[in-house]
Amino acid sequence: MGSAAAAAAALPASAGSGENLVLILDYGSQYTHLITRRVRQLGVLSLCVSGTAPLAALESLRPRAIVLSGGPHSVHAEGAPTFPEGFLDFADGAGAHVLGVCYGMQLLVQSLGGAVEPGERQEYGKMEVEGTAPSSALYGEAETGKRQTVWMSHGDEVVRLPEGFEVVARSVEGAVAAIENREKRFYGLQYHPEVTHSPQGMETLRRFLFDVCGIKADWKMQDVLDEEIKTIQSMVGPDEDVICALSGGVDSTVVATLVHKAIGDRLHCVFVDNGLLRYKERERVMSTFESDLHLPVTCVDASEQFLSMLKGIEDPEQKRKIIGREFIAVFDDFAHKLEQKVGKRPEYLVQGTLYPDVIESCPPPGSGRTHSHTIKSHHNVGGLPKDMKLKLIEPLKLLFKDEVRKLGSILNVPDSFLKRHPFPGPGLAVRVLGDVTQGNALDTLRQVDDIFVQAIKDAGLYDKIWQAFAVFLPVQTVGVQGDQRTHSNAVVLRAITSEDGMTADWYYFDREFLVDVVNKICNNVRGINRVCQDITSKPPATALRTGGFSLCNICQQGSEERKRQ
């Protein structure tokens, strides 16, 4: 989940040099990032690093509290990830409080001399747990017999506690659910308090942070803004110029406004038309930049360059890497032309890389892989060439999307930008499955996407949905149009709700809305006779491109609906 050393280097001074920092050690759980998010929602800075990071890197971060995440492994499995040698002594000497969650609790128990064995009954999903102690640090007073619903996900269970621990909660099946050793500052939860399926989980985390650890809620966006401006001004010399990759989305718009505030007109923004933009995106974005933000923006038409390199490419990972490489080539060329204009070559490139981009581009601990087992290679992270000439400035790389929007609001970025749905850097390349240059796929997708999103706006649903888009499928289906048999293309509509893009659920449209949208698409976009809806959550799918789709809740307009009409 990113380098601990890199996290230490990027740690804002406003965080109090670690005195109020919560460090999340990731052991591969799909919910690890949610712990990071929940802690930040409580006003505390949290950073997520690999659970197998070197001890020296953890020591440099000086966390006040450490959370050991869950994970898919068994502590008995060969090669199962564990914390570095000396970690327990470090935590004790540093006065840090340690909370193990699920796998993290089992790892803590086993490392301290307790016993973990395969459970007689595995516990997955919603379960009830019951307090077994009259008082506890995690739950408060009079908890004996009090029940709460939690989210379990484990096959192994703790069968013997290390010395000094007590059980403060058990599942209704009798499994150990929560443990404490207040003297040594070690705590454990067998369930996941960070997920919404554990309704009282946030209260448990709140008690751990503020009542147990004594942490102060001092993570504020204004402090982040002030600190980033100071960092940029110290990094960029008084006579140096900077290039900013501007896409028109929330991230790049906020980062451009931030850097412009720091160094003024020495920032040179570049908007690249890579041939993979949405319907009339170039015209709309350039107009808005000029009228609302007054940023110095140069538009570069590189559509032919990008599309020629993507010809024949079907693998989405390869598309991302090609696009990342070509973006850098465009920026290098722009830097050369800027050098001729101002007399000095720019040294830096600003990008709107976010924390989820970094997290999703890293392999899970214990996978035995270095970069291959990723959710996706982000074009800002895994897609950059090793010989890139420009140095990166990424002021947002420790922030989640909702935090970026808060930052943008402080910077007075118009709501019209802040409320825009995310659009991936690779653009429509990852929304056309297969070769983007084949046939009329891109123009067809642009029309479908525009109809879908405009219908969402007209229905007053745009701000309720985190992201909505269409996907072009490399398949053709049989339909009936104009009393004739057709053999045309299919598209998928996807709309999701989310807080930060790390997890997502599909948005449930009324049937009447879907009927209207599908009619408009099939009646106005030539070459489409079937529309599907993706109703897969994330996980298992991703948010930014179709990870799976279903014909559930869909009108198959190519045939049956037309016949009824």
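Think of each number as a place in line: the chain as shown, counted from 1.
Glycine is no exception: its Cβ is also placed from the backbone N, Cα and C atoms.
Predicted automatically and left uncurated, TrEMBL annotations should be read as such.
TrEMBL lists 219-420 with the feature domain 'GMPS ATP-PPase'. The annotation ATP binding site is assigned in TrEMBL to Ser247, Gly248, Gly249, Val250, Asp251, Ser252, Thr253.
Overlay of TrEMBL feature records on the structure.
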residue : record           : contacts (Cβ under 8 Å, 6+ apart)
Ser247  : ATP binding site : Phe271, Val285, Gly352, Phe423, Gly425
Gly248  : ATP binding site : Phe271, Glu281, Arg284, Val285, Thr288, Phe289, Arg420, Phe423
Gly249  : ATP binding site : Gly352, Arg420, Pro422, Phe423
Val250  : ATP binding site : Gly352, Lys401, Val404, Arg405, Gly408, Phe417, Leu418, Arg420, Pro422
Asp251  : ATP binding site : Gly352, Thr353, Leu354, Leu396, Lys401, Val404, Pro422
Ser252  : ATP binding site : Cys244, Ala245, Leu246, Gln351, Gly352
Thr253  : ATP binding site : Leu246, Leu293, Gly352, Gly408, Val413, Phe417
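The domain 'GMPS ATP-PPase' (219-420) scores a mean pLDDT of 84 in the predicted structure. A Cβ within 8 Å of the Cβ centre of Ser247, Gly248, Gly249, Val250, Asp251, Ser252, Thr253, the residues given for ATP, is found for these other residues of the same chain: Leu246, Val254, Val255, Gly352, Phe417, Arg420, Phe423.
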